[in-house]
Amino acid sequence: MPVTHPSFGTLDPDRIIFFDTTLRDGEQSPGFSMNLEEKLRMAEALHELGVDVIEAGFAIASPGDFESVRSIAQLFAKDGPVVASLGRANPADILRSAEALKPAARKRIHIVLATSDLHMRVKLRMTRDEVVELTTSSVTLGRQHSDDVEWSAEDGSRSDPDFLCRCVEAAIKAGATTINIPDTVGYSMPADIGAIFRDLRERVPGADTVVFSAHNHNDLGMAVANTLAAINAGARQIEATINGIGERAGNASIEEVAMALRTRHDVLPFKNSIQTPRILRTSKLLATITGFDVQPNKAIVGRNAFAHESGIHQDGVLKDASTYEIMTPESVGWTTNSLVLGKHSGRAAFRDKLKALGYGEIGDNQLNDAFRRFKDIADRKKVVYDEDIAALVDDEVVRGHDRIRLTALSVSTGMDEKPSATLTLEIDGESRTGAAPGDGAVDATFNAIRQAFPHEIQLKLFAVQSITGGTDAQARVTVRFEENGKLVDGQGSDTCTIVASARAYVHALNKLLVKRERTEPEALSA
Ligand SMILES: CC(=O)SCCNC(=O)CCNC(=O)[C@H](O)C(C)(C)COP(=O)(O)OP(=O)(O)OC[C@H]1O[C@@H](n2cnc3c(N)ncnc32)[C@H](O)[C@@H]1OP(=O)(O)O
Ligand SMILES: CC(C)C(=O)C(=O)O
């Protein structure tokens, strides 16, 4: 028999109600408080995302919380999601929730009461009988102010199963329309959660007239798995938050539950109203509001969720993204996946990146040389940016026909040491070494070049610039020579400023040779 619910009418047995508690449990994360304006922006975004219920706050907690619940209730005064306010099982909390929720078109009074022996004895200091009585009286009062009342058994997953059945029966008899069984401290395994929901649905009289709801915390990283287990065991409402924020390790994250339902529809054949392409922007809005970004590897919304760094994966994704992506980035709001170039990347991704950067016509040799240098840089740098790649390809392109190539360089320097450099140049295919001291590491390097390839020029400019930020950034060095009134510039880049300087010098030298060839075709040597 389908459940008839005061806020949703006759429910499709396969429909999952998404109850968002970002603004209540999510806000219980230390440092995640939101002001009224921020809560209103989040509420609008949650509505656009398609959640069915927004828990707007804990009305009695403070005048600010009351105002937030009331304003969100006002926001949805004509239509929109059901607006809920949480309170303890006492008249003051329930009446305060009722007052704050008044403007909402559809409202829910949410009442929580702990049912585990530990919480009842230590925290509430109540007997089992007292808790059952309070369940009845509080839900009865709630129903006098709202047709839609949710009753939550705090620490329900650690409660004695027989006693939990007794409490749930009392709540249903008193008029609760949603029964929520939280795994308050994130202690349960999926099999435990499944057993709890099956047990309640089989044993409690009237269980088929209410919606069962799961509210799982993530202390053991099980929140989403437990939520899916609850659905499989008959829960038809899930309580979750954007980005999984919430008390301690957080709650089940809405985006993960929604995408698990969408991606694994084959084994989880349920419907819901989440507009998944809006997931990313909702996640980003919350991060902007709270100032806390999700970790890069966070499923669905993390920066790396659709990024591929290793060559074999990148090659696969370029051939067909479904080789390594189980959902499309667009389905959750990303515009595209990204191939991140790093030390694990291969030629296929490198070539693809070059194409994207506009280097379509690079020859195979230059590509291979640039790829070798890219691997070398990637070994030394955490992130290889597009600018790094452009710099090294430019380097290889301009060096395509170089007669002088730098093949080795080693520099020794220190506070109490005279700097010296040793290097090898390949000149027209012949190897020549140079070694020289200098006033600094760069000076020693330039002296060593002059020793390996003697020449007379005037150095007019030496400039160093950082290509990207960070201490591992590549340096781009520019040198300018003058010889007989002719000026040539050379550029070089590398994560090591000295190597970049040597490359720049050798680059300028090659250009000088080309100039000399043009003007005096015989003068090929120094
Ligand atoms: C699992 C959850 O996430 S539950 C929701 C948790 N969220 C919050 O607590 C946020 C809002 N809370 C607050 O602002 C405050 O705790 C208030 C306003 C609700 C209460 O503040 P205070 O009156 O100062 O009480 P305090 O927080 O110190 O202690 C809680 C009291 O409520 C009682 N209590 C706890 N849960 C319940 C309950 N479900 N039903 C009835 N009473 C309860 C406790 O036994 C304790 O009573 P005592 O003072 O007689 O020992
Ligand atoms: C109020 C209830 C639903 C709760 O947040 C919990 O038990 O974790």
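Heads up, the Cβ atoms here are built off N, Cα and C, so glycines get one too.
As the structure is a computational prediction, the values presented were derived from the model and not from experiment.
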Checklist entry - Among D20, D25, D439, D443, which is the one TrEMBL gives for the Mn(2+) site where H215, H217, N251 also bind? => result D25
Checklist outcome for this item: Counting other C-beta atoms within 10 angstroms, the emptiest spot among the binding-site residues H215, H217 is H217
Next on the checklist: Residues other than D25, H215, H217, N251 within 8 Å, Cβ to Cβ centroid, of the Mn(2+) site?
Outcome noted: T21, P182, T184, N216, N218, A223, E239, A240, T241, G246, E247, G250, A252
Item to check | Cβ atoms near D25 (Mn(2+) binding site) (within 10 Å, other residues, all chains) | outcome: 23
